[in-house]
Amino acid sequence: MHILTPHVYWAQRHGEIYLRVELSDAKNLDISLQENNTLQFRAQGHGAKGDNEYEFSLEFLKPVRPEIKHKSTQRQVDIKIKKQEERWWERLTLQERKPLFLAPDFDRWLDESDAEMELQAKEEKINKISVESRVRKDPYLGLKKGYLFMYNLVQFLGFSWIFVNMTVRLFILGQDSFYDTFHTTADMMYFCQMMAVLEVINPLLGLVKTGFFPAMIQVAGRNVVLFVVFGSLEDMQNKPVVFFVFYLWSTIEIFRYPFYMLACMGTEWKLLTWLRYSLWIPLYPLGVVAEAVAVIQSLPIFDESRLFSIPLPAVLGHSISFSYSLQLYLVLMFLATCQL
């Protein structure tokens, strides 16, 4: 009997790791944690290659507790492991390159900012029961929450205006609305994306516990497309790709910002939570593809116009086209997407 590797999906919280092994009717389960902080899994069941013996090993990024909880069902094997320290991990394994059989469990997946919101909501519910929680430790907590609530509200209203405007024009004008999207919605998109710079500043001020670099990468990436590719090239402003980029951005944000607004108040609306995480799965990769198409379409325009080109001495040549910088940006965007 061949020993094969099953499909494994993972997610995390600050204190726990969740593994979902795609192996139905698992028998002879052998799950153990080795001294080198490596999880060993072996079982017989029905997986991607039919009835076989499957096994895998994962060396975790940080130490975990030896107690391993698992539950086998007719469809899968669920494993829960507690971290030694409650902190967010950059990745699951010590090895930087992700194993081929490992993928994110989007049913449980949270990014770091969402996990912080979830953790904060749980803490607030516990604190409400305690009498000591009525004494506010941070005298500026209410002010901080008020600021975050207003920021998310303004962003929600801005992206909602863009979404409604584009939707109405699409129903009235059909495909003709693709070609003037920039001229009708760019001002509001400029405003929203300039406001989004606050998402980079907030972690630096300690207002949120989200990492600085993830926020900076996302905001900078969008602003490159908006201000550099669309804003500086008139030839790009009439292309249909502008419609798809703006529509995908606004669709994601009209669910993300209300989710954060309710989190600031310690409230959760289950339907909104479901929409926020379910729609993200198809919309995020589609948004990345749309941004990549926009950048690729702009490359020959930058080569021809020589806009933002770097001048060189006459001996070396005329200049270095800005399109090379955008090609590097495409590579970095692809690498960042692969880390998800």
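Note: Cβ is positioned from N, Cα and C throughout, glycine not excepted.
According to TrEMBL, the domain 'CS' annotation covers 3-93. The transmembrane segment annotation in TrEMBL covers 146-168, 188-208, 241-259, 279-302, 314-336.
Through the fold, the transmembrane segment (279-302) approaches residues 106, 221-222, 225, 229-230, 233, 235-236, 239, 241-242, 244-245, 248-249, 251-252, 255, 308-309, 321-323, 326-327, 329-330, 333-334, 337, 340 of its own chain, all at least 6 residues removed from its boundaries and within a Cβ separation under 8 Å. If one looks beyond the transmembrane segment (314-336) by at least 6 residues along the same chain, the residues whose Cβ comes under 8 Å of a Cβ in the stretch are 217, 221, 224, 229, 288, 291-292, 295-296, 298-300, 302-303, 306-308. Remote same-chain partners of the transmembrane segment (146-168), defined as residues 6 or more beyond its termini with a Cβ less than 8 Å from a stretch Cβ, comprise 177, 181, 184-185, 188-189, 191-192, 195-196, 198, 202, 207-208, 243, 246-247, 249-251, 253-254, 257-258, 260-261, 264-265. Secondary structure of the domain 'CS' (3-93), assigned with DSSP and counted as helix (H, G, I), strand (E, B) and coil, comes to 0 helix, 61 strand, 30 coil.
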